[in-house]
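Working notes for the structure below.
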């Protein structure tokens, strides 16, 4: 019976996802009962029951085809797009089942990071294909990559070679870029005036993805780490397939309560994060039964689905107002416009007439890229954006900031070991980084959006402050005092989470949304480049150098020990001084961008989107006022 569970559970759960629409329809029906809809007046009499049924169906279509339900679907997809954060949970199963050493396992981790961060392919595909196709490709890649890994780990297929495993995990990890591109880019275009808050929420759900899937995995499969790989294979793929036609670009309309709705989502996501944090701590202290894991997973899902209630009530209010406006419309007699006088057609000029040349001065494509760029906020071409000074500054700041932060996060376990903390405390440090990574993401989105709207506070200046904060966390590791690693974990996790939403939002504001799918994926390429140089080439080598010095003091050599390790505060002092210096340089470079864009952020950067949204509402207002 236990052998059949991994096969039955995905099938049953997938059917549950497909039946989601039926439960949502029941929710809409219940909501309509609690808030009665207005009835149209026809010749002074109430509408019939058939009219009410048609109204119910009309609202259901309005809700499921609206941009708020599309955003809810994006939340769920992003909540399943963080499988790379779970590599540390199932990596030991890969190591034990396939007989790998630590070097080979680190190689798999490197290809996992490459796949997760190189999203240019998904961006280019999104430029030439619809969103549903991008999501389907990502779904297929996710299932193919991780499902083959699960088959290999469980021994259902012959043992793959190392390069094949590297390819499989790279494909599986790269699939999250297709989910990010399909969900995030579409949501930015649907909510252009609240993009900072919305990006913070979406990236926040990605940060919680690993913790959410851990709760589901413990409830469905128990402590079987091999089955976690199967969950990673089918769950994100199923989410993308279920909502493949839901996530699409929708005409923007003005909504005064738009930001308020995002704050409600912020509240529910914070409650979800705090609940998962408490459950994670309790599960390490108290022995949970199977029923307790089921309850924990159920509450997590309820909190995850809670935005559906907010969105449903909000859409119902908007739909009721629209019905009221339509109910007072009266038909007006149509008068054709008066005929316009015919304009004489000018006679064609003869050969002796003046010749006008339509060929203006030709501009080469190279000059168009470097010297004839659009204004900031307008739609740049891909090359115009990538070869601009602003993008170069962003690349340097991301290289320094994200590279240093990721290096610190990846070494947090060894840092705790070097400073003499027990394993349980080291696990707490890692959990603190994960939770505050989430808070950093939503803070960067909401707080920067509020400061921008109220005080015209430039978003690049927020990035400067975040990088300076990161310097403090890195210096706390370089010069530790008792208990300072707790503070360093919080500071590094918070600043690490804040950087990516700020980067994505700044790119959308400076270079427009036309080629945003490609540009934001290119912008994050600085992160893996910085991580490789700062982590592998600098931090790793300096750590090994200090470890060899410790062995030499004991009269030992490298061949005398199996694992090279260093104990003491000196192990990471020089590497983290270098990381803090690099991050400070990134803060200074971002300050240059603040100076360059200060006039742009003083203006109304959302004016274009506001005018487009008003054009959508204008016909309704005119008809409603025609009497």
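Placed from the backbone N, Cα and C atoms, the Cβ positions cover glycine too.
Since we're looking at a predicted model, the values are computed, not measured.
Quick look at what TrEMBL lists:
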{"type": "COMPBIAS", "residues": "335-347", "note": "compositional bias 'Pro residues'"}
{"type": "DOMAIN", "residues": "67-309", "note": "domain 'Nodulin-like'"}
{"type": "DOMAIN", "residues": "390-601", "note": "domain 'NFD4 C-terminal'"}
{"type": "REGION", "residues": "335-355", "note": "region 'Disordered'"}
{"type": "TRANSMEM", "residues": "12-31", "note": "transmembrane segment"}
{"type": "TRANSMEM", "residues": "68-90", "note": "transmembrane segment"}
{"type": "TRANSMEM", "residues": "132-153", "note": "transmembrane segment"}
{"type": "TRANSMEM", "residues": "199-221", "note": "transmembrane segment"}
{"type": "TRANSMEM", "residues": "227-247", "note": "transmembrane segment"}
{"type": "TRANSMEM", "residues": "259-282", "note": "transmembrane segment"}
{"type": "TRANSMEM", "residues": "288-312", "note": "transmembrane segment"}
{"type": "TRANSMEM", "residues": "382-406", "note": "transmembrane segment"}
{"type": "TRANSMEM", "residues": "426-448", "note": "transmembrane segment"}
{"type": "TRANSMEM", "residues": "485-507", "note": "transmembrane segment"}
{"type": "TRANSMEM", "residues": "519-538", "note": "transmembrane segment"}
{"type": "TRANSMEM", "residues": "574-595", "note": "transmembrane segment"}
- [ ] Could you tell me the mean pLDDT over the domain 'NFD4 C-terminal' (390-601), as a whole number?
- [x] 89
- [ ] Please figure out which one of 199-221, 227-247, 288-312 racks up the most CB pairs under 8 Å against the transmembrane segment (485-507).
- [x] 199-221
TODO: Could you name the stretch, out of 132-153, 227-247, 259-282, 382-406, with the greatest number of CB pairs under 8 A to the transmembrane segment (199-221)?
DONE: 259-282
- [ ] Go through the chain and flag residues at least 6 beyond the ends of the transmembrane segment (382-406) whose CB is under 8 A from any CB in it; none is fine as an answer.
- [x] 368-370, 373-374, 376, 463, 466-467, 470, 474, 492, 495-496, 499-500, 503, 506-507, 510-511, 515, 518-519, 522-527, 529-531, 533-535, 579-580, 582-583, 585-587, 589-590, 592-593, 596-597
